[in-house]
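**Q** Copying in the features that Swiss-Prot gives for the protein in this structure:
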DISULFID  CYS22-CYS69  disulfide bond
DISULFID  CYS38-CYS61  disulfide bond
DISULFID  CYS56-CYS92  disulfide bond
DISULFID  CYS59-CYS68  disulfide bond
DISULFID  CYS83-CYS106  disulfide bond
SIGNAL    1-20  signal peptide
Amino acid sequence: MKARLGSLLVLATLVTASNAACSIQRLKRLPNEKSDECTDVDGGKHVLNTYWQKNCEWCFCEKTAITCCTKTLIPVSYDKKRCQRQFHSENCTYSVVERTNPGKTCPVNGWTI
């Protein structure tokens, strides 16, 4: 019980610190399925009470659900006529650059998840 509370505290801290949006996938266990692991939507197996990172999300395996929280901030308030956003999958971030000169960054006044 202490381990689970500790894990939930860590997840809550990550969510709060990153201002992340989360989704919860309730688990439907089959009679022959192990109860000490989770199976994600891609068929990946994860040990109970563990974290992993996939597709720019942090995920956590609980006994009844998998919780995944995005860690990507999306620029929303910038000059959309003069500038465009670029996604960098290697570090799950966006940059906003000029359309005519992609080497020059544009100011961003607001971000969202």
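Quick reminder: no glycine exception, Cβ is built from N, Cα and C everywhere.
Since we're looking at a predicted model, the values are computed, not measured.
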**Q** With Cβ-Cβ distance below 8 Å and at least 6 positions apart along the chain, what are the contacts of CYS92 (disulfide bond)? List them in sequence order.
**A** CYS56, LYS71, THR72
**Q** Can you tell which of the disulfide-bonded residues CYS38, CYS59, CYS61, CYS68, CYS69 lies nearest to CYS83 (disulfide bond) in space, using Cα positions?
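**A** With Cα distances computed to CYS83 (disulfide bond), the winner among CYS38, CYS59, CYS61, CYS68, CYS69 is CYS69.
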**Q** Considering the disulfide-bonded residues CYS22, CYS68, which residue's Cβ sits among the greatest number of other Cβ atoms within 10 Å?
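**A** Answer returned by the neighbour count: CYS68.
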**Q** Which Cβ among the disulfide-bonded residues (CYS56, CYS59, CYS61, CYS69, CYS83) has the fewest C-beta neighbours inside 10 Å?
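**A** So among CYS56, CYS59, CYS61, CYS69, CYS83, the disulfide-bonded residues given, the one with the fewest Cβ atoms within 10 Å is CYS56.
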**Q** Say you check the Cα of CYS61 (disulfide bond) against those of the disulfide-bonded residues CYS22, CYS68, CYS69, CYS106; which is nearest?
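**A** Out of the listed candidates, the nearest Cα belongs to CYS68.
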**Q** List every residue in the same chain as CYS38 (disulfide bond), at least 6 positions away in sequence, whose Cβ is under 8 Å from its Cβ.
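**A** LEU27, LYS45, HIS46, LEU48, CYS61, GLU62, ILE66 - these are the non-local Cβ neighbours of CYS38 (disulfide bond), listed in sequence order.
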**Q** I'd like the number of other C-beta atoms within 10 A of the C-beta of CYS106 (disulfide bond), please.
**A** 18
